[in-house]
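Trainee: Pasting a structure below so you can have a look.
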Amino acid sequence: MSSSDPKTRPKPVTRPPAPVPPSSWAKRTGFKPKFSGETNASDSGQIALPPRSRENENQPDLEAGRARPVPSVVNGEQAVSEKGPAEKDQSVKKRREADGTNKGSSAAAANGHTVNNGAAPQPQQPTRRPSRNEDVVDVLPQNVDDEGFVGRHSHLKYELRDTPGLVPIGLYGFQHYLSMLGSLILIPLVIVPAMGGTYEDTANVVSTVLFVSGVTTLLHSFFGSRLPLIQGSSFVFLAPALAIINSPEFRGLNGNNFKHIMKELQGAIIIASAFQALLGYSGLMSLLLRLINPVVVAPTVAAVGLSFYSYGFPQVGNCLEIGAVQILLVIIFSLYLRKISVLGHRIFLIYAVPLGLVITWAAAFLLTEAGAYSYKGCDTNIPSSNIVSEHCRKHVSRMKHCRVDTSHAFKSSPWFRFPYPLQWGTPVFHWKMAIVMCVVSIIASVDSVGSYHASSLLVSSRPPTPGVVSRGIGLEGLSSILAGLWGTGTGSTTLTENVHTIAVTKMGSRRAVELGACVLIVLSLVGKVGGFIASIPEVMVAALLCFMWAMLAALGLSNLRYSEAGSSRNIIIVGLSLFFSLSIPAYFQQYGISPNSNLSVPSYFQPYIVTSHGPFRTKYEGVNYIMNTLLSLHMVIAFIVAVILDNTVPGSRQERGVYVWSESEAARREPAVVKDYELPFRVGRIFRWVKWVGL
């Protein structure tokens, strides 16, 4: 019989060998053997008190490749504390007793040792391996810390309810937001030029995004899930926004195309956000949670990142010496230099995106000033169609995309500008665009559910209850209504990258996120900040997006760590979901790339011109628009395929990795859980009768 400590524990000769625990390769790959006599762990997982005796079983950890700590629940699996060799033997002993093969004495069973002289040695103390702790928090996909989510995490510098002081909280809050710079600002840099907006319009939208992100983050921290999650313009809304922007009715508009299209987007977002708020506060989200599991979340979120491949590197290719260098710098910082610490901070890992941007921008500025992109007799301000010289025509692309002084947004931006509601005009409401956005709001809710669960394992003592999740989704709906009124171009939702940032920065305090949100609001009032961000060259924006979208796809797939990733059932479901999420939209989008399409639209936006002449051609124009648009969106197809297969193909709760949420009654009996999730200012007492939106 094999044992984890063969030197201290002699092997009985008369007993058959017990199943061998997973080897190192099995631990790394997530292989989980099913020992004989072991019951399915899916029945456990709630936080009912007192804990069950089976919490002491030593179950392999699919993430770290070793035992889970006690006492808590992770996705249908009972977590146990890390054991020393003697305690590991105790688990093997229990499995043998369940098989009826072990009749050892009670003293030996209590200490987990088989003894020959009747003297049971003292159990060894649990051991810790800090090196494992370091590796867990700095890799993609991020892992739960070795301590599980029982009590408080020792790897976090500041925990969920910590308020150590203004200076450290401000420092770490600024660090938290700076590490997520790309997620906060890149969407306006894509959609505003697509709407025909100027650099000044881009600067104004960027300032508006920062303002709304700060306000909605504060609202979510106080009245939403209360987890330290940043709210902002999500990439989930980017594809449907581009589909609406490229709708046929917006072609050939006279006047300011930007304001007209923005008002259409505002109307669609407001209606969809009201639907999302109703979904959360009505309790319907609690029912929908039964259909949302890691096998559904993983391909849905991954499809969001994979869907923009046609925009990424084709734009970088316009100036390879700038864009490619930036991609390489971000990769080097985030992967090869990720463990280098300066004053206790892994600056290269935390600030990979802003550092890569600053270095590349400085290099491009020096090249521009040195005249590397200046050609005699050529002016970048002259439209390409008016250039007569063949010499200038040859170099016009490099002058436009490689120079860093072609934008006048910073100079023209005012020092002070207050973003206000309806600044672009009264929103315009069209039911067909609103229905498209309503479906997308469901996808955004699925994305947020995965973020709630992952972040709660990092910073909280227990996962939230279904009521807290519903409350968070409802608050995100209200936040998106604010985004629609202010005119950010997209809805506001939890940024998926936030979970990785929490693991990397080791900042789990909601106070840091709240203070950072206040700083974000102040910065949004400084018009020069928006102008500075709007002046980022397009090539650098595309290079940053290549990394951000790749990380988004990786973070989506990382949800599979909560399930049995090696299960053939899950592999097939995820594979089918991802393949059809790319293949079916490709069938629909081929109708957008046609000789009759608008040639003035860039090639990377032409797949979104599918609404006018897609394969759906009924006599109802609105139905054609909705079906052609929705079925051309990668994330919608991934969600539909995954949710149908995962909820119809047989599989155990453990195999599926069903999300385990805390039970309301048990949560109310634990003071730590109540303090984590209860609403402040005694607001929760008002809604105590509404069980589906609270503890």
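Yeah, the Cβs are placed from backbone N, Cα and C, and that goes for glycine too.
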Trainee: Need the matching range: TrEMBL marks transmembrane segment on one of 512-533, 666-687, and I'd like to know which.
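Mentor: Per TrEMBL, the stretch marked transmembrane segment is 512-533.
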Trainee: State the non-local partners of the transmembrane segment (625-645) in its own chain: residues 6+ outside its ends, Cβ under 8 Å from one of its Cβ atoms.
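Mentor: Distant Cβ neighbours of the transmembrane segment (625-645) are 236, 239-240, 243, 247, 291-292, 295-296, 298-304, 306-307, 432-433, 435-436, 439-440, 442-443, 446, 573-574, 576-578, 580-582, 584-585, 588-589, 591-592, 607-608, 610-611, 614-616.
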Trainee: Are there 3 or more C-beta pairs under 8 Å linking the transmembrane segment (512-533) with the transmembrane segment (291-309), counting only pairs at least 6 apart in sequence?
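Mentor: No, the stretches stay apart by this measure.
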Trainee: Among 177-196, 227-245, 315-336, 512-533, which stretch has the most Cβ pairs under 8 Å to the transmembrane segment (348-367)?
Mentor: 315-336
